[in-house]
Each structure stands twice: as structure tokens, then as C-alpha cells.
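This is the structure I want to talk about, given as C-alpha cells.
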Amino acid sequence: MRKIIHIDMDCYFAAVEMRDFPEYRGKPLAVGGSRVQRGVISTCNYEARKFGVRSAMATGYALKLCPDLILVPGRMQVYKEVSQQIRAIFCRYTELIEPLSLDEAYLDVSDCKLFKGSATLIAEAIRRDILAETGLTASAGVAPIKFLAKVASDLNKPNGQCVIPPDEVAEFVKSLSLRKIPGVGKVTAEKLSSLGLNTCADVQAYPKQELIARFGKFGTVLVERAHGIDERGISVSRERKSVGVETTLAQDIYTLEQCQQVMPGLIQELSSRLGRSAKGRQIHKQVVKLKFNDFKQTTIEHRSDEVSVVMFYELLSQAMARQEGRGIRLLGVSVGLAESKDTLSPLMVRETKQLDFVF
């Protein structure tokens, strides 16, 4: 058993803006697209969420829900700098840190001797340090496995904490909605619901082999998570897994020819980014992404060990076959990166070591 903490900053980008510009406090605020150009909300504060505004929502729709919504373009460099401050705080407690984004990370504190090894007290201390040194609040989840730590961090937001001790895992997962399991999105949840599967308890009672036959490898993962099993360790590799570029179009486009006109600029920018951040890395796939005007999206990928411009156009044609008459509002291209030959695989830690838990 391990002691895993998942730290998730509360409405991070918006919180930084409210910290630096007090006039925004207490007012609905969103970081993202402007009123003039089309775009999407990156994040918003809790005042905006009361009106139904959410991350990844079209800016125009968000303004309909909340006409007084304050929109700011965002300051990514500032967000990165604050994230580095937070990362430095994590390092005081453990070297086993897996960043998921600028505002969240997993920490394995199994060997941390502070607070007599209590993961609960360690999480509280980390949150206190973050607040004292950055002026921002964080929520935390503490559990013996990764996915439950992430679930727990969302239960007492904002500025809260939830602990799931090892002896409570089995009971906790029984009533857990399958939507809380990573990989179970809306479409998968609907498929599971059609089988009468809505909670982990439902999966526990369902024939395992039938789930595997229906869902393949994901069926195996689903059964494990539903039983409170997650043997993934903390990955401390910092290598990028992909490089991509995408653009939200000023107006919807509808034809393959229109999309093809957008591609050269995307491919050129992708080439530049590969040169800057992935020089010498081998690729293992190419990907084209389309987002439609109903905000659903599709991706087409092709396994390859070299970048082919022709293949990007072929993938675009395949993606357009899924258009179904919808307008296209976003187009993106990316490549998946193989591990560097001179680096080790991500360090997977504490898979089997048994520890005395002090939660």
C-alpha cells in the first residue's frame, strides 16, 4: 500500500487573476476567449459557475448565461511561474511528484517522515504552504491509490480535503459513479448504463469476462477500478509525450478544401515546435483533430515513425468523413513522441512494497 496525495488548485487561472487584481474578486470572472473572436473558456471562478459557466464552454454561450461575465485573456507565463512555486513546495515533502498540468499533481509521500508519516497532515501542510506563499487555495485527496486520490480531491472543493483510508476503500467504491473513473466519458457511460452499470457495485456484480469481451483492455481496467485496484505508480518522467498545434477558426468551415487551406500553417507551426521542444525525439504517431460546431470532436491517428505531410492530409480526409454536415470550428495536428533512447522509462515506484499506513 502507498500514500498518494492528489493536489488540485482551485480554479487556478482565475484565482491568480483575482489575487493580482482585487477588483475581480466577488464578480463572475473567466479566463479565455474574447467577446470579439470566437473561443472557449479556459477556466472560471465560482461566482461564474453559479450562472452555469464552465471550462471548455464557448465564450458566446457563457456570455448568454452570464452577461456580466468579466473576460480576461490569460497570462500563461505568470501561471507557469506560480506553478513552479507550487512545485517547489511539493519537493519539500517528496521527490516522487507526477505533474498532470500546471495546477494539479500526484505526490507519493509513503516515505515522508514529517508529521509521523501522516499523509493527512502532510496534505494539510502542503495546502497551508501554498496559501501562505502564493495566496492561492488548493484542494487535496488522500488515498492508497491514484485514481481514488484524484476522486477525493474533488469532493470537498474549494479549499478542502478528503481522506480515504485503506480500510475504507472497499466500501467507498461501492457507491462511486462510474463517471468518476478515468476513461469513462459520456459515451462510455451511456454504453455502460445500457447494461445496467452505473456504479462500481454494479460492475462488481457483472460477469468480468463479458465486460472484457465488450470493452477489451478497458474492460479489465474498469473491473480493477470498480474493486478499488489501481497499481499504477507515480511517473516522474518529465518527457513530453506529444507536440501539437490547433486553431479555433473565426468562422465555421464546411468543406475538405477549406480545411486543406488551413493545414499548411498548422503543419509549419508544428514543425517549429518539434524543432524547439522535441529535437532528436522519435515520433510514433500522427494525429488530426476536428472539433465541430456542436462542440463534439473527433481524432484520427496513424502509427508512423516519421512525419509525413501527405499522411496529415489523408487523416484530415478520414476525419472529414465523420462530419455529418456539421461546421468545423477547430482544426489541429499533432504527433506522439516515443521515449528518448538515452532515457529510462517513466519511473514506476512502490508497486508492491507494503507499508504501515498512518492516515
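Backbone N, Cα and C atoms are what each Cβ position is placed from, and that goes for glycine too.
Quick paste from Swiss-Prot:
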- E104: active site (ACT_SITE)
- D8, D103: Mg(2+) binding site (BINDING)
- 4-185: domain 'UmuC' (DOMAIN)
- F13: site 'Substrate discrimination' (SITE)
At a 10 Å cut-off from the C-beta of F13 (site 'Substrate discrimination'), count the other C-beta atoms across all protein chains.
26
Quick check for the class: what is the C-alpha distance, in angstrom and rounded, between E104 (active site) and D8 (Mg(2+) binding site)?
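One finds 4 Å between the Cα atoms of these residues.
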How does the model score the domain 'UmuC' (4-185) in terms of mean pLDDT?
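Mean pLDDT, the domain 'UmuC' (4-185): 94.
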Looking only at C-alpha atoms, tell me how far D103 (Mg(2+) binding site) is from F13 (site 'Substrate discrimination'), rounded to the nearest Å.
9
If you draw a 10 Å sphere around the Cβ of E104 (active site), how many other Cβ atoms fall inside it, taking every protein chain shown into account?
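There are 19 of them.
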So if I measure Cβ to Cβ from D8 (Mg(2+) binding site) and keep only same-chain residues at least 6 apart in sequence, which ones fall under 8 Å?
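For D8 (Mg(2+) binding site), the qualifying residues are D103, E104, A138, S139, A140, G141, K150, S153, D154, K157.
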